[in-house]
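Asks: What TrEMBL lists as domain 'EF-hand' is 53-88, 161-196. Taken from TrEMBL, the feature transmembrane segment covers 235-254, 260-285, 306-327, 577-600. Taken from TrEMBL, the feature domain 'FAD-binding FR-type' applies to 436-570.
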Amino acid sequence: AARPALCPPAGSRTMSAAEDAEWLRRVRKQFGNIAGEHKEINLEEFKSALQVKESFFAERFFALFDSDGSGTISLEELLKALSLLVHGSQTDKLRFLFQVYDVDGRTVGLSGCSSAWGVPAVTRCGARSPRAGSGCIDPDELRLVLRWCLRESAIALPEERLADLTWALFEAADKDHSGSITFEELREELEGFPEVMENLTISAASWLKPPPPTERSCRPRYLTRAYWHNHRGKLAFLGGYISLNLLLFALAALRHAGLGGWLVVARGCGQCLNFNCSFLAVLMLRRCLTWLRATPIAKVLPLDQHVVFHQLVGYVVLALAAVHTGAHVANFSRLARQDGRHALAEYLLSARPGAGGLGGTASQTGLALQGLLAAMLAFSSPCIRRSGHFEVFYWTHLSYISVWTLLILHGPHFWKWFAVPGCLFALEKVAGLAWRRAGGLRIVEVNLLPSKVTHLVIERPQFFRYEPGDYVYLNIPAIATYEWHPFTISSAPEQQETLWLHIRSLGQWTNKLYEYFQQPELPSPEPKPLSRSLREKRCRRWAQVSADGAQLLANAGCYIDGPYGTPTRRIFTSEHAVLIGAGIGITPFASILQSIMYRYRRRKQSCPSCHYSWCEDLRDEEMTLRKVDFIWINRDQKHFEWFVSLLTKLEMEQAEQEPGEPFLEMHMYMTSALSKNDMKAIGLQMALDLLAAKEQRDSITGLRTRTQPGRPDWSKVFGKVAEEKKGKVQVFFCGSPALAKVIRAHCEHFGFRFFKENF
């Protein structure tokens with residue numbers, strides 16, 4: 001993404017002559033579009049163009065840009081001010097920052113004085129004229145600016161925390177304890193933050209930004225050595241799949257050579273359809289695939305991509321079916337012309353002995369199959385599944401039963417291909433039905449979390465075993481009788497009595513779920529008897545309901561089908577694992593982090609004489625981890641509330657262990673917060689850093705880990721991981737597909753293996 005800045009791109013301190021000319025041309029053009037005939041911009045137009053969330057900084061920038069105090073900014077004033085910001089020294093930029101924070105100070109202009117930003121060379125407040133302002137920053141001014149910084153970064157803190165932030169920054173900057181901060185004191189304090197000094201910018205409107213340079217590789221990403229190395233399993237599988245289809249087509253074509261070109265094509269496609277229609281079932285044998293994950297085959301076959309391959313094979317089946325049908329129609333048309341007694345419609349719609357299929361119904365069953373396949377493909381598109389019409393996808397996809405039945409009637413040899421996959425598929429379905437028929441489970445607690453996230457606490461079946469990161473299919477008859485939806489288990493396997501599911505409201509079913517548990521009274525059958533410990537937990541939780549109203553006890557019934565494995569099962573056999581969750585994508589890693597915590601407790605040792613405690617080496621035959629980096633990216637502050645209690649426990653567990661380099665290192669990012677190199681957020685981020693160092697906890701989340709503003713710089717993040725040299729690095733991601741592409745590209749650059757959660 002382009003850096004929102006007025007300065008040149010990161011890594012270059014000055015523009016070249018060509019870049020400078022292009023940037024000035026861009027500013028002139030955009031200024032002309034906004035200013036109109038008067039060739040000047042007033043405050044309201046400036047606010048609109050600046051696109052800041054709040055007007056405070058727009059007004060401060062406008063006042064500093066308006067050198068003649070006319071109430072408008074001309075093109076000349078704008079260019080002079082921006083030139084100083086782009087080409088000026090660090091001192092010039094710091095003087096501008098000082099004026100922004102000196103709220104009661106009034107500048108005499110950006111270009112009409114010798115000090116560039118209108119700040120005279122004074123050392124103490126009061127040594128300047130009333131028109132020029134106070135020349136120093138007092139606590140009230142700093143508190144006002146920090147309050148607007150918080151609003152600009154979408155951070156909500158109580159007034160007490162704002163006072164703590166103000167005092168932390170003021171105490172650090174007021175070197176002589178005079179009760180005010182001068183320009184020299186501010187510069188001295190900023191020198192302790194080299195990353196700020198290096199890239200001091202203003203986040204302004206897109207019409208003020210120089211266009212970012214585009215870095216283009218000399219060859220496509222798919223032709224790089226890193227891509228082929230990191231995707232060797234998938235590429236080998238695709239190569240084998242394509243080769244097998246070509247071989248099947250060639251063998252069938254040779255067998256029917258001499259019967260006409262159209263018939264040869266039809267027979268070749270038909271043989272490929274025998275294989276592909278059976279292979280569709282293989283790719284959805286979830287229980288078999290979960291079992292295979294625990295075998296050495298998982299290192300060779302791309303089991304993590306089985307859903308993607310299922311979709312790919314579905315498209316291949318539709319294409320082959322279209323060519324197969326078209327070739328037969330062309331052949332029938334040829335026969336009709338040669339025969340002269342039968343029309344084309346008779347060949348297509350009438351059963352004829354010797355025409356193929358059961359009772360000569362190959363043409364009729366073929367046309368029916370073509371229609372069913374087209375309907376399944378049309379209603380399985382993302383626009384249908386994710387637009388609140390999941391039931392349309394669900395019911396049309398159930399026509400696979402009709403498809404397989406018609407295929408057995410249509411093709412004389414299909415049953416040979418389908419016998420083994422069909423039996424396995426039927427056994428999996430019977431096992432699932434038996435599990436569901438064994439009895440429903442009870443949702444014993446519901447927590448309604450920020451951003452419409454529903455936290456379900458479900459009774460754990462007695463013999464239900466799963467691995468960290470696994471998922472289940474959930475059915476709640478009160479929401480929809482026949483719908484089953486996959487959700488990751490967010491509790492650790494070591495948690496014996498309950499299962500946790502965190503479900504974000506994104507579609508029709510999930511929104512209904514959230515609204516259902518918002519009802520004050522829920523119909524509930526008599527619950528099953530629970531253990532004493534679970535009853536005590538329920539009583540304690542009930543006491544919390546009256547406090548915040550967000551936790552409910554609900555004896556609603558549900559059914560689960562699973563568990564099913566995911567790529568995250570590889571984490572414990574990695575050496576250096578990097579876990580990246582975006583938003584609710586933390587759920588599979590929540591289970592993994594809890595499991596790590598339980599293993600810490602299990603290996604914890606204590607000296608009986610001095611009571612000194614330590615943790616034995618966690619690595620064994622089931623867990624070879626040397627280091628875990630956990631990265632959680634959220635849009636705003638409230639999303640961190642989902643799992644902050646879990647992360648706090650993890651930090652406490654690590655603090656009790658033997659001192660040294662942490663086994664688990666956490667990194668939090670809040671994308672709505674302005675970064676440290678943004679002039680509107682410098683003071684806030686400095687204050688947050690100072691207060692976090694003083695209190696040993698973050699003001700945003702309460703964790704010891706400092707929440708970083710903005711988005712991660714993946715080059716720096718992965719560069720640091722590579723420097724640690726803790727072993728082979730594997731990156732596990734759960735989040736949006738767009739971010740997955742970015743992270744995957746960086747993993748290929750650094751030679752890390754990349755795994756993405758897929759449903």
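Glycine too: its Cβ is placed from the backbone N, Cα and C atoms.
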Asks: List the helix, strand and coil residue totals of the domain 'EF-hand' (161-196) as derived from DSSP.
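Replies: The breakdown for the domain 'EF-hand' (161-196) reads 24 helix, 1 strand, 11 coil.
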Asks: By DSSP assignment, list the helix, strand and coil residue numbers for the domain 'EF-hand' (53-88), in that order.
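Replies: Taking the domain 'EF-hand' (53-88) as a whole: 23 helix, 3 strand, 10 coil.
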Asks: For the domain 'EF-hand' (161-196), would you mind checking the mean pLDDT of the predicted model?
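Replies: Overall, the domain 'EF-hand' (161-196) comes to a mean pLDDT of 82.
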